[in-house]
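First comes the structure, then the notes that go with it.
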Amino acid sequence: MRILMVGLDAAGKTTILYKLKLGEIVTTIPTIGFNVETVEYKNISFTVWDVGGQDKIRPLWRHYFQNTQGLIFVVDSNDRDRVVEAKDELHRMLNEDELRDAVLLVFANKQDLPNAMNAAEITDKLGLHSLRQRHWYIQSTCATSGEGLYEGLDWLSSNIASKA
């Protein structure tokens, strides 16, 4: 399964990728370009592309869209100042023809932080209910503990499989 993981810078994408791959927290630096790893889970092989989220490199996201079956959009649930920016980037991407068949998994990350918005609040702020033609799901996560990550993969695998 080809999975594209995007989101604003510092949302936790690279931490998530390596938590899934290695089961541990790695020290990360801002991703310029991409990281790609194959994650094996429940006999399913996920090829996860983690693409840098800094605003200057977001135009490059589209080069990764082709053949993407599942889109993971990672949000820093604690970053109230940039949730509108996250929404704009998400909807811009979902309008791309190459992603029309991709299922959407939103990771509401950093749930361990005291001021984090919960999944319902993130759903509202990202305008997920307006996605009528899109198969989507939101999962609360904490990348550093791994909480919620595998539940998200479970949803992805069953929903990509059902579309195949």
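One is the number of the first residue shown, and numbering goes on along the chain from there.
Here the Cβ of each residue, glycine as well, is placed from N, Cα and C on the backbone.
What TrEMBL lists as GTP binding site is Gly7, Leu8, Asp9, Ala10, Ala11, Gly12, Lys13, Thr14, Gly53, Asn109, Lys110, Gln111, Asp112. Lys13 (GTP binding site) carries a helical DSSP state (H, G or I).
Note: Thr31 (Mg(2+) binding site) has non-local neighbours Lys13, Thr14, Asp50, Val51, Gly52, Gly53, i.e. same-chain residues 6+ apart with C-beta under 8 A of its own C-beta. For the recorded site, Thr31 (Mg(2+) binding site), the DSSP three-state label reads coil. Under the heading Mg(2+) binding site, TrEMBL lists Thr14, Thr31.
Every protein chain shown contributes to the tally, and the Cβ of Ala11 (GTP binding site) ends up with 24 other Cβ atoms within 10 Å. In the three-state DSSP scheme, Lys110 (GTP binding site) falls into the coil class.
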